Amino acid sequence: MDSTSETRSGSWLSVIALALAAFIFNTTEFVPVGLLSDIGHSFEMPTSQVGLMLTIYAWVVSLASLPMMLLTRNIERRKLLVGVFLLFIASHVLSGLAWSFQVLMLSRIGIAFAHAVFWAITASLAVRVAPPGQQAKALGLLATGTTLAMVLGIPLGRVVGEALGWRTTFMAIAGLSVLTLLYLARSLPLLPSQNSGSLRSLPMLFRRPALVCLYVLTVVVISAQFTAYSYIEPFAKQVAQMSGEATTLLLLLFGGAGIFGSILFSRYSEAFPRGFLLAAILALGSSLALLLPLSAQPTWLMALSLLWGMSIMCFGLAQQSRVLRLASDATDVAMALFSGLYNVGIGAGALLGSVVSERMGLASIGNVGAALALAGLLLALFAALRYAEALKTTSL
């Protein structure tokens, strides 16, 4: 094998390692979605209150992303990822041993700090280690790891939780994380900090109106998504009257659809940059609006989950790609902000979903989410017209 082939092969192995890590982190962030009822039963709490663990987790990530990125900006990236995983593993062990909801929340906060650093640097690292000219495919592979968390991680976490208890799910994640850590340490090259930026980068980034608009759009649309998705498990069981097995299948279909979303992104986002994003938001809003009307027909609800899963994946990838392009001179700061604001949306959506569930009923989570998605669509239309030149391409 020549040196060029070795370099390219090594680069792809590094991207695969990061995709595997993305699978782990996204699995643990959202696996409580499939375990809300079981966790609530263990601590004698309603699911609307247990769901707030999603809000607290997400908001810790949002608050910690930028400070943690700045504190670690001079640390070699492979060493930093190893440290992140050690905290991640220890916190999962505590989750599995949690003797109260407060201890469970403490462990989740530890995981959230690890998450904050991981997602602030991972997308830019995937682009750095990818073979020349393959940056978009590297992001697509990273997205595949994220998607597989939805396809396999969350449903399997639910299956394990139902069979062996939710604590076993967290312990299993800790075990898989150990294997992933060993793979990361072996496959990643030395990665000195590069284009990480500093606090001086913030005024520069906020003077880019197209970028600021993307950030606001992310918060609005992700809030819409998680108003409904955070409580899809109790919605499926209580409103749609689906069995536990059917609910697991619903989560499986939602996650699996994300694979097709990443394929659509790879093929069409650069050819139709404005239309692609608008179509993704429109499809998301339509999915949320149809959640209640189709709940009486489980088959149609499962079909709807395919459109829903594809649309949110397309939206997330399109936003991430644009942020990286619009802030190529301060990628780590820009992605820390993106990760933080994405989690502001997750937390806001989970909180809003909790309020809606308690005051209006679980049946209303889709309609409220759809209203937010409509606001996001209008904002995206404004951005497409106002910042057409800056947003005309998503290429890296």
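Glycine residues also receive a Cβ, built from the backbone N, Cα and C atoms like all the rest.
Residues or ranges marked as transmembrane segment by Swiss-Prot on the basis of sequence analysis: 15-35 (among others).
Residues or ranges marked as transmembrane segment by Swiss-Prot on the basis of sequence analysis: 50-70 (among others).
With a threshold of 8 Å between CB atoms, the same-chain residues lying at least 6 positions outside the transmembrane segment (81-101) that come near it are 21, 24-25, 28, 39, 43, 45, 50, 75, 107-108, 110-111, 113-115, 117-118, 121, 167-168, 170-171, 173-174, 177-178, 180-181, 184-185, 188. Among the features that Swiss-Prot reports, transmembrane segment is placed at 81-101 (among others).
Sequence annotations record features per position, and here Swiss-Prot assigns transmembrane segment to 103-123 (among others) based on sequence analysis.
The annotation transmembrane segment is assigned in Swiss-Prot to 136-156 (among others) on the grounds of sequence analysis.
What Swiss-Prot records for 170-190 (among others) is transmembrane segment. Listed by sequence, the residues of this chain that lie at least six past the ends of the transmembrane segment (170-190) yet keep a Cβ under 8 A from its Cβ atoms are 10, 13-14, 16-18, 20-21, 24, 27-28, 31, 76-78, 81-82, 85-86, 88-89, 92-93, 95-96, 129, 157, 160.
Same-chain residues lying 6 or more positions outside the transmembrane segment (209-229) and placing a CB less than 8 Å from one of its CB atoms are 33, 54, 235, 281, 284-285, 288, 291, 312, 315, 319, 322-323, 326-327, 334, 337-338, 341-342, 344-350, 352-353, 356, 365-366, 368-373, 375-376, 379-380, 382-383, 386-387, 390-391. Look at Swiss-Prot and you will find 209-229 (among others) tagged as transmembrane segment.
The transmembrane segment feature in Swiss-Prot is assigned to 246-266 (among others); the stated evidence is sequence analysis. Long-range contacts of the transmembrane segment (246-266) within the same chain, counting only residues at least 6 positions beyond its ends with a Cβ under 8 Å from a Cβ of the stretch, are 33-34, 136-137, 140, 143-144, 146-155, 158-159, 162, 232-233, 236-237, 276, 298, 301-302, 305-314, 317-318, 321.
Taking Cβ pairs closer than 8 Å, the transmembrane segment (276-296) reaches residues 221, 224-225, 227-228, 235, 239-240, 264-265, 268-269, 304-305, 307-308, 310-312, 314-315, 318-319, 363-367, 369-370, 373-374, 376-377, 380-381, 384, 394 in its own chain, all 6 or more past its ends. Here Swiss-Prot flags 276-296 (among others) as transmembrane segment, drawing on sequence analysis.
Under the heading transmembrane segment, Swiss-Prot lists 298-318 (among others).
For the transmembrane segment (333-353), the list of distant contacts is 51-52, 54-59, 61-66, 68-70, 116, 119-121, 123-124, 196-198, 201-202, 205, 211, 215, 218-231, 316, 319-320, 323-324, 326-327, 365, 368-369, 372: same-chain residues at least six beyond its ends, Cβ to Cβ under 8 Å. Annotation comment: Swiss-Prot describes 333-353 (among others) as transmembrane segment.
Taken from Swiss-Prot, the feature transmembrane segment covers 365-385 (among others), and the record attributes it to sequence analysis.
Tertiary neighbourhood of the transmembrane segment (365-385): same-chain residues 210, 213-214, 216-217, 220-221, 223-225, 227-228, 231, 235, 274, 277-278, 281-282, 284-286, 288-292, 349, 352-353, 356-357, 391, selected by CB-CB distance under 8 Å and a gap of 6+ residues from either end. Taking every listed stretch (15-35, 103-123, 136-156) in turn, the largest tally of C-beta pairs under 8 A with the transmembrane segment (50-70) is reached by 103-123.
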